[in-house]
Structures are given as C-alpha cells and as structure tokens.
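Scroll down for the structure; my scribbles are underneath it.
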Amino acid sequence: MSSSSTPSCDGSGNPSPAAAAGAVSAAAAAAGPAAQWPRRQCRDVFWLVVFLLHLLVFGAALALFGLNRFRQADRFNIGRYANLTAEPWGTTATPAGSPDPAPSAPPPPSVYRSEDPSVPASELTETYWKFYGAAGAVGAALACAWLAAAAWRKDGGKVVMRTAVHCLTAYLAVVSVLCFWGKHFFWGVALAVGAGLHFLYVMSVLDRFPFTMLVLQKAVRMVRELPDVMRIAYAFVLVMLCWMALWSFGVSGIVAFGIPNGGQWWLLLIFSVSLFWTGAVLSNTVHVIVSGMVFLVLIHGGPAAATMPPKPLLKSLQYAVTTSFGSICYGSLFTAAIRTLRWEIRGIRSKIGSNECLLCCIDFLFHIVETLVRFFNKYAYVQIAVNGQSFNRSARDAWELFQSTGIESLIAYDCSGAILLMSTILGGLITGTCMGVWTYYKQSDKAVMVGSTSMLMGMILVGLTVVVVESAVTSIYICYAEDPLLIQRWDPEFFEQMSEALHQRLQYRSARARQILNGRLDHLPHSSSI
C-alpha cells in the first residue's frame, strides 16, 4: 500500500491505494479511460473451492434429512444407522413368557396425519418447517426495519446506538426469566450471565459513547448518500432467505427425527456452523461491495462528482463475487471469532488490578490475539475491494497502515463495532424468542432447540443489513489513515473532530506508557554506588 506509486483507476473508477493518497486532481485524472487498472487475478482460490464444495455437500445432506421425514416417517430408513427401533403405536416390549398386556389407548385423532396414521404429526418435517419459515420472515422484517430506521433518519446513528445499549440488557434479562419459567435452567443462567456482562461492558465504556455516536452518525450519513448499497443489502437478504429455506427444511427433518443420546444437538451444531459460515460469506460480500463504493465516493469528493465513473456498483459487485470471492470465503471463517475474542480480552485486561500472575497470563493471550488480528481483521475487506489482494496480505497492509499512523489507538477507542454487534444479537434474540414461545405452546420439548436455531437465523439476516453501516465505518478509517485530506474534503467538521480525538488518544497512550515504564523501574533493585 505504497503512496508513492502512480495513481491509477480501472474502468469502473475503483481507485488503487495510491490514488487514495493523491490530491483531487490526481484522482480525477486517474478516473479517465487512459489510466486503467491491470486485470485482477482470483485470490485464495482454495478456499473458494472449499466453500463451494461445502455448499454442495451440506445442501445434499439437508435435502436428505428433510425428505427423510417429509409426509412419511423415515422414508429412507436412516433410522437404522442411529440404532432406532420404532415400536408400533400403542405397544411396548415385554419379557419372554409374560402375558400380553392390554393395548394402550391410541392418541387423539387430532395428532394423526392422513398419509400415515401410525405416525404423530410432531415427528414429521413439515411440523417444524413452519416455525423456521416464520423465523425467516421475522428476521427479514427486522433486518429491513433496522436498515430503514438507521439510514432513512438524520439521527439514525442515535437510534441504532440507544436501541442496542438500552434494549439488549433488558431483553436478555426478560428472556432468561422466560427460560426459568419454562424450566430450562441452563439457558436461563446463561442469558442472565450475558445480561450482567453486557451491563458491565456498557458501564465500562460510557466515556467512549460520544465519539462512537459521532462515527456512527457520519457512517449513516454516508450510507444515506448511497441508496444503491441499501438495495444490494436487501437483495442479499433475499438470497440468504433462499438458502435458509433449504437449511430449515433439513433442520426440521433433524428435529423431527428424534436421534437419541444428544445426536440431534450435535447435528444441529454442525449445520449451524455451516449456516454461520454461509451467512458470514454473504455479509462480507456486502462489506466488500459497500467498502468499494464508499472509498470511491471519498476519492471523488461525493457521489454526484463529475469524475464519478458510470455504474460503479455493478463493477464492485462483479469483483466481489468473482476475483475476490475466495478471499471473502477465507476471511469469513475466522474474522468474527477473533474480533470477538479480542474485545473480550481487552475488557478483561483493562479491569485487572495488581495481580501480576494473572496480568502476565492475560498479556500472553492478548499478544497472541493481536498477532492473529494482524492477519484477520475486518479492515482487510476494504483493501480487497480497492486493490483485489489476498485476504492475509490485505489484513496485514491495513494493520501496518493503522499502526504506522497511530489510527489503531482511535479504532481501539471506538465502540461502533460492539454497538452494531449488539444490534445483531438483539435481532437474533427477538427472532428466537418469538419462535421459542410459539414452539413451547405447540411442542414444549422442542422449544429450546427451535428457538436457538431460529436465533441464529435472525442474527444472520439482521447482520446482512448491519454490515452496510459497519462497512462505511471501516472505509472512513482506512481513508483517514491513507490521506486525511479525503475526509476533510468530504466533511471538514468531522475531520477536525477526528483529528482532535486522535491527538487525545495518542497523548493518553504516551502518558500510559510512561507510567507503566516508571512503575517497572521503581521495582528494580537500586544498585549501590561504586
């Protein structure tokens, strides 16, 4: 990411990193047809193949599990692999030589199906598929409502932040009470602990909220200036719903199958990881598209600038789903988990007192995670959108840029990523709660199973729209690190606020470093004078 190379742009107008550091005239000149980007190469092809094979294998498995109990119980005789012995309805096994017991009364006619009167309706795929269909509808509605509330209001950043901060703790507490009421004590305790941890986190970062609010407001303004990226988000929600139709069909068959010894939970875990990866890939594809568009707007000084190329969104979409798709698949496996782990360790590290042993252990974990962040961070997607490099190289370049300019201290102070994650979790909780309560009244023993998987569906759908704002935030930081004048031309007042915040954070870190160094020197033994 050298700023000394010649500025260049492809036919779509997507700028190279060198063009980001140039002046307005250089960017405008680069937008002409004479300055062309070299043809992009496909990156991280291995992970692209792995992802496509994963879709093929898991899609076939989902269809198999769903059809196995669709309208007919165990039509493919999969039960023999799970050592299931289905007794005829109303009979039980008796020891040899014992008199035959009287047959038990059959269940009410309302639970029979006309296709197979010996099988209760609760054991068939279509019984649970309606719950997952409703979960998809609720999740999609929440996703569209979130993006509309965030992007179509001037105070959208405030709405997003206040909803995430104030509602999530209360909602976690309410859902934990519902779990205790339904005698699901493990989930009740887990959600109650989550509510407490979220409350403590909010209290520990209250001083960061004014700056976070500022960044979110400017990111929402950027999204509002680009209505096409919102249409892209809605389109990807529709694509995700199509995959979820197949996924929920197969999972409904698993829930209806009744595998003993926790086999259902293991299968659900495997297919949930698959759904999470697929959702992350689609979400990060939107991330790359939006990042390319935001970077382009900042380079040219606005979406209505005369130097803006024609149809830039289509070109960004083309790059995202072709040459850069392998890098997106690769980064989607690890980025979210490492980012969440980094937040947790940072929070624990800041709360440790004088316990040197514990501090040493946490510092060791912190340095490991920081090393991983160097190769797996969300800012890599901006670099992928701009220059089409591989994921690891893009992540490393972005992190080195932040550390060399000091922007990393500002990013660490910003809580916008955590706020947007809270919005995603809240959307998932609402979806999971609605489906869990409905299932509880229809089939109480399956309420947690259906509710937890529905929560994942809601989180993925809401995350597809939340990533639009997150992409704007990451692109603003990359542009500010590359050339602060890009932000100054776009919003001079915001540039002054960013510069002042960066100056304060660098001063704070410098004072903190001197304090730690002096503390360590004080513990050294004083050498006697010779």
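Glycine is treated like the rest: Cβ placed from N, Cα and C.
These numbers come from a predicted model, not from an experiment.
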Stretch carrying transmembrane segment according to TrEMBL (options 20-42, 319-341, 365-387): 319-341
Annotated stretches the transmembrane segment (45-67) and the transmembrane segment (189-211) touching (3 or more Cβ pairs under 8 Å): no
Top Cβ-contact partner of the transmembrane segment (265-282) among 164-183, 189-211, 232-259, 319-341, 418-441 (pairs under 8 Å): 232-259
Annotated stretches the transmembrane segment (453-480) and the transmembrane segment (319-341) touching (3 or more Cβ pairs under 8 Å): no
Positions on the same chain near the transmembrane segment (232-259), where near means CB under 8 A and six or more residues out: 59, 61-70, 74, 78-79, 82, 84, 122-129, 131-133, 135-136, 140, 143-144, 147, 267-268, 271, 274-275, 278-279, 282-283, 285-286, 289-290, 313, 317, 446, 449-450, 453, 457, 460-461, 464-465, 467-468
Residues from the same chain, set at least six apart from the ends of the transmembrane segment (189-211), whose C-beta lies under 8 A from its own: 161, 165, 168-169, 172-173, 175-176, 179, 347, 350-351, 413-415, 418, 422, 501
